[in-house]
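Okay, structure first, notes after.
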Amino acid sequence: MEITNVTEYDAIAKQKLPKMVYDYYASGAEDQWTLQENRNAFARILFRPRILIDVSKIDMTTTVLGFKISMPIMVAPTAMQKMAHPDGEYATARAASAAGTIMTLSSWATSSVEEVASTGPGIRFFQLYVYKNRNVVEQLVRRAERAGFKAIALTVDTPRLGRRESDIKNRFTLPPNLTLKNFEGLDLGKMDEANDSGLASYVAGQIDRTLSWKDVQWLQTITKLPILVKGVLTGEDARIAIQAGAAGIIVSNHGARQLDYVPATISALEEVVKATQGRIPVFLDGGVRRGTDVFKALALGASGIFIGRPVVFSLAAEGEAGVRKVLQMLRDEFELTMALSGCRSLKEISRNHITTEWDTPRPSARL
């Protein structure tokens with residue numbers, strides 16, 4: 001049967017993958033309320049389409065930190081992709097490059113920055129956690145720079161790992177044939193099996209709980225790469241991020257895997273956008289499964305979106321071809337949404353093209 005939308009890959013991945021692996025990718029924190037809400041909140045935003053506009057030519061191109069991409073749909077960092085498919089991050093990198101968009105490589109990838117760079121040309125960002133051993137951080141950043149990565153996406157919502165109960169039940173550990181490639185030779189490559197979630201105990205020992213805004217400034221002393229602060233959900237933190245020198249913000253709740261009962265990212269987006277006053281770009285990840293979702297995020301002020309789970313699920317189902325198809329389906333749906341809303345370019349997508357539950361009722365138009 002032909003796959004006609006992004007969500008269908010979820011069920012295929014669930015069939016194909018070992019339970020421990022599928023659950024690791026699919027689950028959220030605790031009650032998983034935010035996990036559902038990331039999707040549900042999109043469904044409560046409705047369109048106000050404009051009609052009788054010539055939409056014979058639609059331009060979806062945009063620039064992110066000065067890099068031109070084919071569409072405002074990018075690949076978010078997701079860990080350990082070789083658990084999904086033997087080609088892992090290699091396949092994702094090639095698919096993103098073929099789609100003319102940006103891939104963000106996770107620190108906890110099962111392929112190294114050098115290996116991903118070797119797949120060929122492409123605009124790539126590197127996701128970073130700050131470790132207690134700052135020397136490790138410096139080495140990772142240097143390697144990403146040397147491998148031609150163009151920006152650092154600094155994850156700031158993980159001073160501790162969220163409680164993902166399925167990982168505890170499954171005693172999640174990295175399968176024995178795989179390793180966290182960026183840490184090879186740093187004595188951090190292999191995770192031990194633990195009676196809790198193996199990842200939790202591994203990370204608990206490595207991630208620095210003292211991480212603060214001064215570390216964002218420290219990072220700028222060791223690299224010239226632009227820094228995206230990933231995990232901002234409030235206007236207050238958006239303003240501080242700008243003061244701290246961030247080149248951009250990613251509104252993210254870590255795929256609902258950290259603190260449960262935070263709002264959906266699409267619900268938090270507008271507050272963050274308003275706080276930044278256009279000084280730096282704001283991006284969003286979390287819950288994007290349709291081209292309509294992409295349009296809604298842009299209408300609320302996002303400069304682009306990132307997708308995570310759809311990438312690993314399509315990777316599990318069909319390898320590189322699956323990831324290519326997900327990016328193509330979202331592109332096609334987004335283009336159709338633009339046409340049916342009367343928008344010919346991204347700059348024509350406005351707040352007036354949508355209505356949200358927190359909008360005040362509009363005065364009725366007088367003839």
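Glycine too: its Cβ is placed from the backbone N, Cα and C atoms.
Swiss-Prot lists Met1 with the feature N-acetylmethionine, giving similarity to another entry as the kind of evidence. Per Swiss-Prot, glyoxylate binding site is recorded for Tyr24, Tyr129, Arg164, His254, Arg257. Per Swiss-Prot, the feature FMN binding site maps to 77-79, Ser106, 127-129, Thr155, Lys230, Ser252, 285-289, 308-309. The active site, proton acceptor annotation in Swiss-Prot covers His254.
Positions of the features from Swiss-Prot, shown on the structure.
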{"residue": "Met1", "record": "N-acetylmethionine", "Cβ contacts under 8 Å, 6 or more apart": "none"}
{"residue": "Pro77", "record": "FMN binding site", "Cβ contacts under 8 Å, 6 or more apart": "Thr104, Leu105, Ser106, Ser107, Phe125, Gln127, Ala153, Thr155, Gly308"}
{"residue": "Ser252", "record": "FMN binding site", "Cβ contacts under 8 Å, 6 or more apart": "Asp157, Lys230, Gly231, Val232, Leu233, Thr265, Leu284, Asp285, Gly286, Phe306"}
{"residue": "His254", "record": "glyoxylate binding site", "Cβ contacts under 8 Å, 6 or more apart": "Thr155, Asp157, Thr158, Gly162, Gly231"}
{"residue": "Arg257", "record": "glyoxylate binding site", "Cβ contacts under 8 Å, 6 or more apart": "Ser27, Gly28, Ala29, Gly162, Arg164"}
{"residue": "Gly287", "record": "FMN binding site", "Cβ contacts under 8 Å, 6 or more apart": "Asn38, Arg39, Ala41, Phe42, Ala264, Thr265, Ile266, Asp293"}
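Compared over the binding-site residues Tyr24, Tyr129, the count of CB atoms lying within 10 A of a residue's CB peaks at Tyr24. The Cβ of Gly308 (FMN binding site) has 23 neighbouring Cβ atoms from other residues within 10 Å, across all protein chains displayed. Whole-number maximum of the Cα to Cα distances across the glyoxylate-binding residues Tyr24, Tyr129, Arg164, His254, Arg257: 19 angstrom.
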